[in-house]
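Report on the structure given below.
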Amino acid sequence: MIKVAIIGYGNLGRGVERSLKQQKDMELVGVYTRRAPETVQTEGAQAFTMDQLKDKKGEIDVCILCGGSATDLPTQTPEWTHLFNTIDSFDTHAKIPEHFAKVDRVAKENQTTSIISTGWDPGLFSLNRLYAQSILPVGETNTFWGKGVSQGHSDALRRIEGVADAVQYTIPNSEVIEKLKAGEHLTLTTRDKHFRECFVVLEDEFDPEKIREEIVSMPNYFVEYDTEVHFISQADLDQNHKAMPHGGTVLHTGTTHENTKQVIEYNLQLESNPEFTASVLVAYARACVRLAKEKQFGAYTVLDIAPKYLSDRTDEELRKELL
Ligand code: NDP
């Protein structure tokens, strides 16, 4: 059995606990948290302090880091890779090379293995971009996200004075997707590819029109998009908008000989973004343990991992059943 620890217990941590219950070859040995363990409501797993994790070297095959990308993972992944094999879902795209270099150095110095930036984007979408662009070098790749909840944009709405609560959906432009699939060559702006839809609960005495204006003109978040804003009650928001669906499409349209059109489409429709992301992390945790057993120390990303390493089946079984 592969012994797994969860570091950090939020949405993703809970998703990893759920996913591990579906694996035959893996067991959860504990949840490690910065909070007082007795205050963390797990779904059965025992919770411990981070200090208790330091004594577990040799007893845990892999730690799945479930902290946030903004401030947790940049320090937590290098820190725990000193002692353990690790997996993370670091998704600040521009900072991945820097994060990789830091974790790679620690892993090589301490003879551990780490797979960083797993999940679906970065992660499975990155892999599909690589396959598509390698197979059809004459072509164009577009990634569309949604329909789904963007935590970053929802947080940005909640920071506005007068907003009590809010949820933001990213919606892909389906007309543009169909045109691309039909082989049209389009020059696309940010505004063409996605819409943004906001459901906002106002605090009393705030003017909806002023708040709407503040939202649609917010730099970096909304100003480059067509944004629709709906004002609703807290009860409506709680009842209808607290799930965390997401998904998206990697679409590559290319040509082979002359104008022979080829379309590659990879699509995810997720009722729960964190539960799906967690399931990807768990599969890559298996690969991480296998690489470590082969003494392949250092940092890796999904682009480096042979697909068969994700599976609990033998090479022979995979050749027989999947080819
Ligand atoms: P959360 O905010 O739910 O959890 C992050 C951390 O915050 C936890 O590890 C936990 O650490 C702490 N925490 C959680 N709940 C509480 C609470 N009630 N009070 C105080 N602290 C709390 O983040 P998510 O799990 O939703 O997401 C984690 C990361 O996953 C995101 O930042 C994102 O980068 C990444 N992600 C990546 C994707 C990909 O495709 N690559 C897709 C989706 C997400 P502790 O237990 O130590 O307190």
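Note that Cβ sites are derived from N, Cα and C of the backbone, with glycine treated the same way.
Counting every protein chain shown, the Cβ of Phe90 (NADP(+) binding site) has 25 other Cβ atoms within 10 Å. The NADP(+) binding site annotation in TrEMBL covers 9-12, 33-35, 66-69, 89-91, 118-122.
Annotated domain 'Meso-diaminopimelate D-dehydrogenase C-terminal' per TrEMBL: 119-272, in sequence order.
Positions annotated as substrate binding site by TrEMBL: Trp145, Thr170, Arg196, His246, Asn273. Annotation note: Arg196 (substrate binding site) sits in a strand segment as assigned by DSSP.
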Candidates near ligand 1 among the binding-site residues Tyr9, Arg35, Gly119, Trp145, judged by a Cβ under 6 angstroms: Tyr9, Arg35, Gly119
Binding-site residues listed as Gly68, Gly119, Pro122, least Cβ neighbours within 10 Å: Gly68
The domain 'Meso-diaminopimelate D-dehydrogenase C-terminal' (119-272) [mean pLDDT, rounded to integer]: 95
Proximal residue to Tyr9 (NADP(+) binding site) among binding-site residues Trp145, Thr170, Arg196, His246 (C-alpha distance): His246
Binding-site residues listed as Tyr9, Trp145, least Cβ neighbours within 10 Å: Trp145
